[in-house]
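S.K.: Please see the structure below; I have some questions.
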Amino acid sequence: MKKRISWMMFIGLLLIVLAACGQNGSQSDSKKSKDDEKLTISAAASLTDVTKALEKAFHKAHPNVDVSFNYGGSGALREQIDKGAPVDVFMSANTKDVDMLKEKGKVQQTFDYARNKLVLIHRKGSDIQSVDQLGDNDQLAIGEVKSVPAGKYAKTYLEAQNQWSMVEDRIVYAKDVREVLNYVNKGNAQLGFVYQTDLYVGQKPHEGVEKVADATLEKPIVYRMGTVTDTEATKAWYDFMKSDEAQHILKDYHFEK
């Protein structure tokens, strides 16, 4: 009888211990879930390299924030957000797309975090130095005018130079500036308009393309960001982008302020 009672007591104690462990594990998982925040950022394609460096610096101060990026043309990203895409921050390559969302109440705080320049590029070793030299079978690559700010800037520049009508039938359109780079680098287009920052891979000069000339515009190219949600992670990223540390990183990647 005593053996039976001892055995039952042992089983009871074991069940209590297991229950306690399960509760502690549940609390641990709950705490981890609570502490780890997700931050989704839609960013212009021209920010692909610099955002990796920005994320690394941000993560040091906010190790429990899981940051993910969605890259594309600013116009296309704006349309996604407008349709309800789960995005926390929108980092555009212009001001217009952020302002359009703000007017609809879909963006809250905004901040102009960088500036860039438009440049004309060709493949290294090419003899073509200007759009005037494009042959009948040559092509000029630019971003989609409606969805890629760099494409709109390129058209504005060509119109100001009275060259748009001359090259319009030789233009190949790209979904973003990275695709323009790819077209020129592979020889599918002889010239292309990209940003000054696209002349670099990370912080090193691009090995396949080079600048032919600056494409000076009447107005500066301003990069604006906007917060879509008001989570703690969103606020932390917004504050970080306004910091000296973030501005130094942008400068290292050839952006201007």
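Every residue number used here counts from 1 along the chain in the order it is shown.
Placed from the backbone N, Cα and C atoms, the Cβ positions cover glycine too.
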S.K.: From the candidates S74, S243, give the one listed by TrEMBL for the same molybdate site as S46, A150, V177, Y195.
M.R.: S74
S.K.: Among S46, S74, A150, V177, Y195, recorded molybdate binders, what is the largest CA to CA distance in Å?
M.R.: 14
S.K.: What same-chain residues, at least 6 away in sequence, bring their CB to under 8 Å of the CB of Y195 (molybdate binding site)?
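M.R.: The answer is S46, A93, N116, K117, L118, V119, A150, V177, I221.
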S.K.: Other than S46, S74, A150, V177, Y195, which residues of the chain come within 8 Å of the molybdate site, judged by Cβ distance to the Cβ centroid of those residues?
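M.R.: Filtered neighbour residues, in order: A44, A45, G73, A93, N116, G143, V148, P149, D176, V194, D198.
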S.K.: Do any residues at least six apart in sequence from S74 (molybdate binding site), in the same chain, have a Cβ closer than 8 Å to its Cβ, and if so which, in order?
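M.R.: S74 (molybdate binding site) has long-range Cβ partners A44, S92, A93, N94, D97, S147, V148, P149.
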